[in-house]
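**Q** Quick paste of what TrEMBL says about this protein:
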type	residues	note
TRANSMEM	B:6-28	transmembrane segment
TRANSMEM	B:60-76	transmembrane segment
TRANSMEM	B:88-109	transmembrane segment
TRANSMEM	B:129-146	transmembrane segment
TRANSMEM	B:167-185	transmembrane segment
TRANSMEM	B:191-209	transmembrane segment
TRANSMEM	B:216-237	transmembrane segment
TRANSMEM	B:243-263	transmembrane segment
REGION	B:273-300	region 'Disordered'
COMPBIAS	B:286-300	compositional bias 'Polar residues'
Amino acid sequence: MSLMSLDNVRFGYGSFPTLERVSLDVLPGELVAVAGPNGAAKTTLLKLMLGLLKPWEGDVRIASRGKAGKRLVVGYVPQQLAAFNSAFPSTVLEFVRSGRHAGGAWFRRLREEDRAATELALRQVGMWEQRGRRIGVLSGGQKQRICIARALAMEPDLLALDEPTAGMDPESRAGFYALMREETKTRGRAIVMVTHELNEAYPYADRVVVLERLENGGMRCCTTTSCSGHFAPALS
Amino acid sequence: MLHYDFMQRAFCAGALLALAASSLGVYLMLRRQALMADMLSHVSLAGIAGGAYLHVNPTVAGFVVAIAGAVAVEYVRRAYRTFSEISVAIIMVGGLSSAVILMSLAGNVNKSFSSYLFGSLVAVNRTELTLMLGVAALAAVFFLVCRRALYQMTFDEETAQTSGVPVRWLSLAFSVVTGMVVAAAMPIVGVLLVSALIILPAALAIRIASGFTAALVLAMLFGLTGVWSGLAASFALSTPPGGTIALILLVFLVVGIAARKLATMLGKRRTSVREASEQPPLNEARYSNPSLSTHESGGS
C-alpha cells in the first residue's frame, strides 16, 4: 500500500504549467531521490506530495494511517527551514522535542519514550552535546542537523527532505545518506529527498525521480528510474 | 493608594492584561507581526468612534471592531503571503481613516477621547473589569491548550501544517485573541500605547531568555512589573498611565539589553582568558547511527 501517490498531476504558477503528467507512488521502506536542474519544480513536486499545494488536475492521495493503523506522521524539512529567525528563543532540546507533538499529539505530556526518541534523533545527527544551546547561535550546518533531528524525532512514516545536504561537507553527506538508508530499511520509513548531489545519493536510493524539461514550451515531465540492484545497500 | 476602588480595579485589570498581552507579544514578535497590535488598536479606535456615533457602548463597539479587524488581517495576510506586513498597513489605513471620519461625525466623543487615546485609571469601571477578566481567562486557556501547536506554527507554518497542526484555524484564532486583548487593554494604556504593553516585555524576554518557555515566563514577569510600577508612578505623579507604563517598559528594555551586552562581554573575556591557558578540545559533530556504531555517552 503506497503512503502517497500522485496520479497524472498537472500544476503550475499563474498560467504557466511547471509540472505535467506526473505520476508517482511512494511505498513504505523506500528511499526516493528527486533530482533535476535548477527551476525544475523539485520543491513544487514535494509540496504537492505533502498537500501544501493543490494540483490543477490529477489526484494526490496521502494515506491517513501509518504503521499499526496509527495516524500517519509526516516529517518535512523544507529547503529554507535552517535559515530560521536566529532570534527564536528556543533551546536545541526544546526544538527537537517539539517534533514529538506531531500528528495531533499536542495535548499529551511527554513520556519516557518521547525523551528517548528525542535523544536518539539528536545523537543520530551528532547534536546531543549541543542540546542546551539556543538554536539561534548554531552554525548553518548545525541548524540543518537539528531540523533533520526534529523530523526524525517525530518517528515519521513519511519523511520529506528538500535539499537536506546543502552546506554539508562530503563526509557528513555520506553519513547522512547512510543514516537515511538505515531509517528506511530498519524502521520502514518512506523517505523522499530532493537532492542536487545525485551521484552521491544514487547508491543509497531505491528509486530516482528525474524532472526533465520538455521540448514544447518549457513544461516538465517526470521519469522514474529504479536503482534497486544497481548497488548493494551501503550499510549491509 | 490601594484603598481607592478605582486603583484596585486598575491594578487587578492591569495584572490580567499584562500577563495576557506579554505572552501574546512573544508570539507576535516571532511571527513578525509586531505591528499588528498597533494596527488593531487603531482599528478599534474606529469602533469606539462608531459606537459613539451610533450611541452604542464605545468600549463594546471597539472590542467588536478589533476582533473584526483581526479576522480581516488574517485574510489579507493570506492574500499577501510573502509580505505579511502589508496586511497590517492596509487594515491600519482603513481603521484610522474610518476613525477620523466617524470622530468628526460624532461630536460627543471628543471629550472622553483622550482617555481612549492615552489611557486612564478612572476609565476602568466594573463592566470593563469583567470584560478584561473574561478576555484574560480566554487568552490563558488558549495559550495553555494550544502552546505546543502555537510553537510549531510560530516557527514554521508549512512544517506545522504537515505535522497535523490546523494552521489556518489556529492562526485565525490567534488573531481573534490578539484583537480581544488589544481592545481590552485600551482603557488602561490607551489606543496609542497598547502595542508597548504587548511588544516591549516580549522584546526584552526574547533577547535574554535561554528557551521558549523561559521567554514566555520572563515576558509575563516584565509586563506585570512594568504595569504595576507604571500604575503606581502614574498615581503618584498624576501622569497618564499609558505613557508612564510604556516609558517604564522602555527603560526595562534598554537596561536589560545593556545588562545582556555587559554579561556577553564579560563572558567573552573569561573565555579568552581560559582559552589562552588551555588547548580547546576538537568537537566534530558527524552523522552517526547508534544502532550501527558505538557512540560515546553524552550525559543524561
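Backbone N, Cα and C atoms are what each Cβ position is placed from, and that goes for glycine too.
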**Q** With the transmembrane segment (B:60-76) as the reference, find which of B:6-28, B:88-109, B:167-185, B:216-237 contributes the most Cβ pairs under 8 Å.
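**A** Stretch with maximum Cβ contacts: B:167-185.
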**Q** Which one of these stretches, B:129-146, B:191-209, B:216-237, has the most C-beta pairs shorter than 8 Å to the transmembrane segment (B:6-28)?
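**A** Selected stretch: B:216-237, with the most Cβ pairs under 8 Å.
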**Q** What same-chain residues lie close to the transmembrane segment (B:191-209): Cβ under 8 Å, and 6 or more beyond its ends?
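**A** Here the qualifying positions are 17-18, 21-22, 24-26, 28-30, 34-35, 37-38, 41-42, 44-45, 48, 116-119, 181-182, 185, 215-216, 218-223, 226-227, 242-243, 245-246, 249-250, 252-253, 256-257, 260.
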**Q** Hey, which of B:167-185, B:216-237, B:243-263 has the most Cβ-Cβ pairs under 8 Å against the transmembrane segment (B:129-146)?
**A** B:167-185
